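In what follows, a structure is listed as structure tokens, so that the remarks can point back to it.
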Amino acid sequence: MKLSTLNETTPLVFNYANYVTPQFVANAVNVIGGSPIMAREVAEFSDLVAVSDAVVVNTGTWRRAELLETVKLIQIANQTQTVVVLDPVAVGIPSRSVPVQELLTNSKVDIIRGNAAEIAWFAGIDFASHGIDAVGSGNIEQIAQLAANKTGAIIAMSGPSDVISDGKTTRVLPVNVPLLASNVGTGDALSAIIGAFNGDEISLDNTVRAMAMMKLAGLTASHQVTTPGYFANQVLDELYLLSESKLETFIAKEVKKYE
């Protein structure tokens, strides 16, 4: 959906969040015009998914014991045809990759948002990883395409250059905002924003809009402040102030089609 539609419809985003950044994530959804729900109580899943437009699962502080309840949550979303966004933090680590694979085997996710190392795992490619950040070399566009084809999900790879692919069509946003990597909450918030934009229809274009919104907000914020603490708050302000016309102009100018 476009930003004006998002503002008019106020999509409700159910976040199965980590324990580190839930307030920042909730604020980000709120300032763009959505409505956040932050919940983990299994008994509430059916009722909350029934009124939600998107479900976002973040595995950043996931415990193995939570696998079954996460699968149940996504299965409920699948039954109601509610978009599911997966943020598979550090999935390349074996203790995390095994439960994520079990999750994918038993439920369906529509969009996967991660850094290059995380997305490479879904593509079956060895890509150097260090914590939540990714380092290494390789054709990130091809990695995203392969991951999309293997999972059947839209891939939203965030980094110095963002890559969005459904396996057939791939878009690249080559705008680097280093300060975005200095705040762990911006990636988590991005996943939730992706959920909000895809609440009415799952599409590559809606995912591109979400990625571009965070990148443009970060870029504008970096022109206002230069330190991480102030930057995080400024990003929220820029998300709030961003107009549809500025967002669409930014997309038209900066987003490239990968051939």
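Each Cβ is built from the backbone N, Cα and C atoms, and glycine gets one as well.
Note that the structure is predicted; figures quoted are calculated from it, not measured.
As annotated by Swiss-Prot, substrate binding site applies to Met38, Gly185, with the evidence given as sequence analysis. Taking a C-beta cut-off of under 8 angstroms and a sequence separation of 6 or more, Gly185 (substrate binding site) has the following same-chain neighbours: Val20, Thr21, Phe24, Val25, Ala28, Ala232.
Sequence-distant contacts (6 or more apart, same chain, Cβ under 8 Å) of Ser158 (ATP binding site) comprise Arg113, Gly114, Asn115, Gly187, Leu190, Met211, Met214. Annotated ATP binding site per Swiss-Prot: Arg113, Ser158, in sequence order, evidence recorded as sequence analysis.
Arg113 (ATP binding site) falls within a strand when secondary structure is assigned with DSSP.
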